[in-house]
Amino acid sequence: MKLLAVRRLLRIQRVVIRYRLDDLILELPMLPWWLRLLGATLPWRWLPRRKLELTRGARLRLALQDLGPIFIKFGQILSTRRDLLPDDIANELAWLQDKVPPFPPELAVKRIEEQLGAKIEQVFARFEREPLASASVAQVHAARLKSGEEVVVKVIRPNLEPVIRSDIAWLFILARLAERVSSEARRLHPVEVVSDYEKTIVDELDLLREAANASQLRRNFEGSPLLYVPQVYWDWCRPKVLVMERIYGIPVTDLETLRDQRTDFKALAERGVEIFFTQVFRDSFFHADMHPGNIFVSTRAPWSPQYIAVDCGIVGSLTDEDQDYLARNLIAFFKRDYRKVAQLHIDSGWVPAETKVNDFEAAIRTVCEPIFEKPLKDISFGQVLLRLFQTARRFNMEIQPQLVLLQKTLLNIEGLGRQLYPELDLWATAQPFLERWMRERVSPKQLLRNFQQQVEQVPHLSQMARDTLERLSQPHAHNAPPPEWKGSRHDWLGRLVGAVLLVGAAEVGLGQQLEAWPAWVMLAGGVFLILRR
């Protein structure tokens with residue numbers, strides 16, 4: 001392992017020198033003066049080197065490609081963090097392609113047989129040794145099950161884990177070094193960025209997780225005309241092998257074939273937007289890797305086109321609170337209610353509670369007003385989120401990984417939609433959905449569901465009260481800091497009182513020792529205190 005790490009370090013050093021990334025690093029404004037001086041004394045900087053007529057973004061992209069698949073995927077993820085990177089570098093990194101030569105079919109067959117515990121001929125009536133596709137983490141083969149179903153078999157590359165561990169270790173070393181030498185780097189949280197990447201790559205190595213994600217997404221859109229997700233054949237799925245239904249669709253980027261079958265491009269673009277908002281707000285479970293290589297279009301009904309999604313290795317979800325605040329933020333933004341946008345960021349805990357709402361409102365207005373000089377159909381929804389994140393970052397916003405996944409997915413969907421139909425007005429498509437969702441949040445059915453969830457907590461009230469009294473009875477309890485309640489915007493004291501009223505209402509109502517009206521008053525008061533925001 002140590003020998004592998006040393007060899008990898010030498011390889012990284014050669015690539016840095018070849019693409020003159022040392023120049024790029026030394027130009028960083030966050031670099032302290034003493035490190036610039038140290039960098040200027042590096043031996044190779046005094047030797048003649050050929051001049052590269054490439055932009056800094058292109059040099060970084062080519063270097064990551066040379067360093068191999070793990071660095072390529074890291075660059076792809078980094079390209080989505082436009083709140084951290086300059087636009088020219090982020091745009092260049094977006095061109096990184098996760099394509100590598102396939103590994104020998106003999107190794108694929110061996111790994112499949114090891115995982116399934118059976119010979120390939122015992123499981124499949126036909127297995128095509130030539131892969132359909134190959135990427136840095138896995139490759140895909142076509143096959144047919146003994147029961148007759150046409151399937152694809154995805155298999156993880158052999159001997160990948162040691163390389164990943166080594167590369168991730170070096171990324172962490174570089175991130176920690178950056179945090180140690182620069183306060184500006186610490187503000188960008190490089191260790192957190194690498195940690196997010198580590199989680200992503202580890203998740204992609206577990207094909208049972210991908211199978212579970214695909215099954216969930218398929219169930220969410222069962223019978224839907226919007227999206228089809230291939231069936232998972234669980235009997236033949238293992239941590240390193242995934243067997244799914246083979247789909248036959250048109251790649252979403254093959255515009256010529258889509259035109260030939262007379263696809264309704266306007267409907268196709270609008271359905272992409274509807275799929276995104278349905279996943280985020282109805283299901284709180286969204287496919288977070290919706291780049292064109294993972295999206296196909298069904299050939300069945302071109303006048304009512306249906307998407308087909310594959311590769312569910314990366315998914316995202318939002319809490320109920322984040323869903324609510326995101327929807328209200330977007331609606332307030334498009335109404336130019338910047339005060340409300342600022343207040344929502346503070347209330348949600350996305351920026352520190354001590355943030356001055358007037359200053360934050362002014363910063364948002366400065367960034368966003370120029371955007372509204374364009375017609376609504378020309379406004380990028382993804383860029384709106386990006387600009388909000390960039391502005392909030394100046395106010396020490398801690399951007400959650402799920403929100404980054406959301407912004408990346410929205411940019412992909414929006415870019416794809418406008419490629420299919422340039423006149424796509426994303427706001428006109430999204431606004432009715434968001435407003436309907438907000439209305440449903442306060443519908444009697446939803447309020448009853450919320451009430452039932454709160455009532456489930458009633459049996460725990462006596463223990464909560466006992467714990468509180470014990471804490472207050474302890475010496476120095478009044479000098480101790482208050483307990484840290486989770487959720488910055490919930491009035492837990494009010495909810496506790498509301499729950500007590502509910503218990504009282506139940507006691508009065510069931511005891512039947514008094515008239516019924518006190519129970520109704522207590523019930524109404526309890527419901528109000530529990531459900532109020």
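Yeah, the Cβs are placed from backbone N, Cα and C, and that goes for glycine too.
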Per Swiss-Prot, L132, A133, S134, A135, S136, V137, A138, Q139, V140 bind ATP; matching candidate in K110, K154, K199: K154
Can you check which residue among the binding-site residues L132, A138, V140 has the largest number of Cβ atoms within 10 Å of its own? A138
If you count Cβ atoms within 10 Å of the Cβ of D289 (active site, proton acceptor), leaving out that atom itself, what do you get? 22
In this predicted model, what is the average pLDDT of the domain 'Protein kinase' (126-494)? 81
Could you name the residues, excluding L132, A133, S134, A135, S136, V137, A138, Q139, V140, K154, of the same chain that surround the ATP site, i.e. Cβ within 8 Å of the Cβ centre of those residues, in sequence order? P102, P131, V155
